[in-house]
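S.K.: Okay, here's the structure, questions in a sec.
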């Protein structure tokens with residue numbers, strides 16, 4: 001590397017060094033006080049030449065800076081290894097700070113810090129002993145990983161309390177908080193999926209947990225998104241004629257069928273070791289669950305604010321999945337239950353749950369279509385039925 005030449009002039013009142021930028025080094029112009037470089041007993045020179053070069057010794061490059069005065073100068077100053085000087089200055093400053101802190105230390109504060117250090121050391125030793133104790137890991141794995149039955153009971157009671165509280169206060173407010181939705185749904189799905197599989201096999205592993213989170217995501221996310229976008233759409237005392245739910249007896253019967261089918265599927269299927277693989281039943285289950293979630297999410301998206309059953313519709317939705325089937329959300333529910341049974345290889349439960357779901361959602365679809373005919377006229381709704389011929393499944397039904 002070529003040497004860099006610096007020249008400058010030093011005024012009498014404030015002696016400074018003006019550095020000119022060298023194009024090869026790309027250094028900035030700076031003003032340096034000369035007293036930082038010269039001893040107080042030596043007067044600063046009028047002009048100064050500084051050359052910098054770099055050479056390597058082995059693998060580590062070493063920088064050398066030389067300061068030379070011309071004939072009018074009265075001193076020669078050499079500074080070698082400036083990085084080491086700055087490092088030593090930093091260490092000295094830190095040491096001075098620590099010394100000042102120690103000087104401010106009182107006997108009472110010293111006792112407090114000693115107690116804190118002793119407590120931290122004790123906690124570390126206790127934690128280390130517990131973490132590496134075989135007996136502790138045996139019971140911890142049973143409680144947290146194998147089958148958390150006490151946790152399931154606690155979550156179930158919590159969700160039941162939240163549901164009863166919501167039912168008691170439904171006349172005061174119809175808005176369901178996201179926290180309440182999460183707790184109620186988590187408790188219901190725990191006893192719908194995890195508890196029967198845990199009681200049958202004695203432990204819970206990846207496949208049941210995956211199905212649990214699939215159900216949680218399937219039911220929870222669209223509801224939260226709808227509430228975030230549209231909020232509380234209608235009071236529960238208005239537009240009751242738009243409720244599409246069948247009779248109470250049919251809803252209770254369908255709930256019993258869903259719960260019973262999930263419990264029967266847990267005891268009907270083979271061991272979990274034979275279901276967690278990528279054989280054709282698992283591939284079919286994965287494919288069916290993906291279709292179910294796609295239909296359900298896009299169905300809620302295109303339905304928009306009219307996803308509220310109590311909201312009087314202003315137009316017939318003919319976009320997105322509604323161009324393929326007239327009730328894609330119900331199709332998503334049916335496929336979700338079918339994918340669960342396929343995942344567990346529970347084919348008898350698959351047939352029973354599919355028939356029960358078709359019967360129940362067909363009744364709901366009939367009620368909705370009747371209300372839409374009354375709202376928009378039979379002729380307009382017939383046009384929609386001609387464009388979208390199938391109710392649940394293309395080319396089937």
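Every residue, even glycine, has its Cβ placed from backbone N, Cα and C.
What you are looking at is a predicted structure, and each value in this text was computed from that prediction instead of being measured.
Quick paste from TrEMBL:
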| type | residues | note |
| --- | --- | --- |
| TRANSMEM | 113-133 | transmembrane segment |
| TRANSMEM | 139-161 | transmembrane segment |
| TRANSMEM | 182-203 | transmembrane segment |
| TRANSMEM | 209-227 | transmembrane segment |
| TRANSMEM | 248-266 | transmembrane segment |
| TRANSMEM | 278-295 | transmembrane segment |
| TRANSMEM | 342-361 | transmembrane segment |
S.K.: Given pairs 6 or more apart, does the transmembrane segment (342-361) have at least three Cβ pairs under 8 Å with the transmembrane segment (113-133)?
M.R.: no
S.K.: What else in the chain is close to the transmembrane segment (182-203), if you only count residues 6 or more beyond its ends and a Cβ gap under 8 Å?
M.R.: 145-149, 152, 155-160, 162-163, 166, 209, 211-212, 215-216, 219-220, 258-259, 262-263, 265-267, 271-272, 340
